[in-house]
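Everything on this sheet refers to the single structure shown next.
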Amino acid sequence: MPEETQTQDQPMEEEEVETFAFQAEIAQLMSLIINTFYSNKEIFLRELISNSSDALDKIRYESLTDPSKLDSGKELHINLIPNKQDRTLTIVDTGIGMTKADLINNLGTIAKSGTKAFMEALQAGADISMIGQFGVGFYSAYLVAEKVTVITKHNDDEQYAWESSAGGSFTVRTDTGEPMGRGTKVILHLKEDQTEYLEERRIKEIVKKHSQFIGYPITLFVEKERDKEVSDDEAEEKEDKEEEKEKEEKESEDKPEIEDVGSDEEEEEKKDGDKKKKKKIKEKYIDQEELNKTKPIWTRNPDDITNEEYGEFYKSLTNDWEDHLAVKHFSVEGQLEFRALLFVPRRAPFDLFENRKKKNNIKLYVRRVFIMDNCEELIPEYLNFIRGVVDSEDLPLNISREMLQQSKILKVIRKNLVKKCLELFTELAEDKENYKKFYEQFSKNIKLGIHEDSQNRKKLSELLRYYTSASGDEMVSLKDYCTRMKENQKHIYYITGETKDQVANSAFVERLRKHGLEVIYMIEPIDEYCVQQLKEFEGKTLVSVTKEGLELPEDEEEKKKQEEKKTKFENLCKIMKDILEKKVEKVVVSNRLVTSPCCIVTSTYGWTANMERIMKAQALRDNSTMGYMAAKKHLEINPDHSIIETLRQKAEADKNDKSVKDLVILLYETALLSSGFSLEDPQTHANRIYRMIKLGLGIDEDDPTADDTSAAVTEEMPPLEGDDDTSRMEEVD
């Protein structure tokens, strides 16, 4: 490979050299890379090899429709050439190359969208190894190089050289060196303390670690010495050449020459007499070794691949530092042929549900040729955490994004991928420990799938895990719940809320827990959306215990008692409804309360208190929806509670008792809070509570206080009793 080794000494003739300034953000990024200490500088080689691979992908892709593009060089490969004498490491590829405009734009004057984002990430403590994800991997060369020269030849342009020592500017000139044919050569002039990257062992280690599955041969060229047995004539020629090199050392040069001549004659005589006489000399040669002989892993038989190999491939594919959690390797044959390798990561990325960010988690190949890596049509959004490759035999190689959207083949591939992902999750669920890790990270995705994917809703519902009133610290499946249901239980009961403790202590679950009925605790906001779509499981309806019309398993005697209570408290319910007016739709006797005097439930198709809270938190909420979805509140009273019984007696004794009205409003507002709703006017409620505290402490309401401001506040407080003009209770909305 003489052309690669010679080009480090480019002849600097009088050709025109143009100087350009780096775009501000790029200059800033380079300064950051050069002036900050990073321990894992080795990633520069991964990034440059990755860029070479992309360039080779491009020329291969173009050659599929126009084979003449490869006339400038049929072989597609990457060569690595370390040169210890010149302290340079050269990366050569026979990819698409760059035109002069490409050189100027791509390497310096036009900032990539990721430049700023990467700098912000770096300053926030991100790892330098993430550089490739932001599209600025080339600049990682300056981690180890003081100067970088890029020589490139594109089919449509002349050969150009780009050079920069990162001082805020770079030069571009026509290159008059060795013609390349086509491709790009990146020459790194290494810093004095970075010569380890010229060592054969170190280069092999980095390529194996980061670039083992690159689809093109990566060949390392190393100059080595070996012993060679030669006859004395050849040895003499070799010695003569060495003498010429050492002409500066002239001391006693004549004597050895005379001796040599004599010895030569003697040797010739000996040689004629004894031809077996040989001599060993050191010979330099260039050793070529292909570093990535492993073929694309997804084309191999899954039975022949070890978990370590899958792990290595996963890391090279995703740049993840952790191993994958689970893997699915399969091929589909028949009318449609494709192979796929899918991985579940150990943890969810921090921006998993950022819609604006295009995910590039599944790479699409067609007959081993890379096509694209952010193909949104390949997998539904709720599975956007799955990483891997899909290699199709049937898609056309020159397929565009628009064609992909219409492609029936892609729809079939997508359907198969979803099916296999669900199989993978079901297999994972058999390993309790690993499934727990998976569920912690990706439960939201499963629930989003239930909301969005009606076809696979049943399978996805089997993957759900929840805490329940009977499960303690373990999460259980809906199937587990069904196996523990009581004989006469027809429904699956659930409650939604913010935390496990909050829902466990809720008034709504009192009677269910007393009767030994298990209640599912749904404590993630997405659960509200999930149960809107998941109406039933294995023929059992899912019923919210916070909504009206709760049916509990009860015998005839219990039903009779309940009817009697309804009749007894019918009058109180009517009085309370008249006092609360439009605040509630109706007041009824409850069958769900044990220790609480009352609670607020919502209509069957309205929002729960938790959903109302979630919707109020939406910045872009639709207030018209809020109006009709959140308005339907029902007050349920506990007929067995002493407060309610005393209130009934008080109301029946005197229908116009003002304290009844005050107490009903106080009960309603307290029930709102305990049922998870928010108060429209918390201050008035607070004043009412302070007044109750005063009564409890025996402080007379009319006592003048030392502080005038306190007196003013006291005057504003609504009295517990009084006529229509003075009672503020009536004004509370």
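Glycine too: its Cβ is placed from the backbone N, Cα and C atoms.
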Stretch carrying motif 'TPR repeat-binding' according to Swiss-Prot (options 84-93, 674-683, 724-733):
724-733
Go through Ser477, Ser642, the listed modified residues, and name the one with the sparsest Cβ surroundings, counting other Cβ atoms within 10 Å.
Ser642
Nearest of the modified residues to Asp93 (ATP binding site) by CA-CA distance, picking from Ser231, Tyr314, Ser454, Ser477, Lys586?
Tyr314
Can you grab the distance from Ser231 (phosphoserine) over to Asn51 (ATP binding site)? Cα atoms, rounded to a whole Å.
48
Tell me the Cα distance separating Ser454 (phosphoserine) from Ser477 (phosphoserine), rounded to the nearest angstrom.
20
Taking just the CA atoms, what is the gap between Tyr314 (phosphotyrosine) and Lys444 (N6-acetyllysine) in Å?
23
For Lys112 (ATP binding site), what is the secondary structure by DSSP, using just helix, strand and coil?
coil
PLDDT averaged over the residues of the region 'Interaction with FNIP2 and TSC1' (285-621):
85
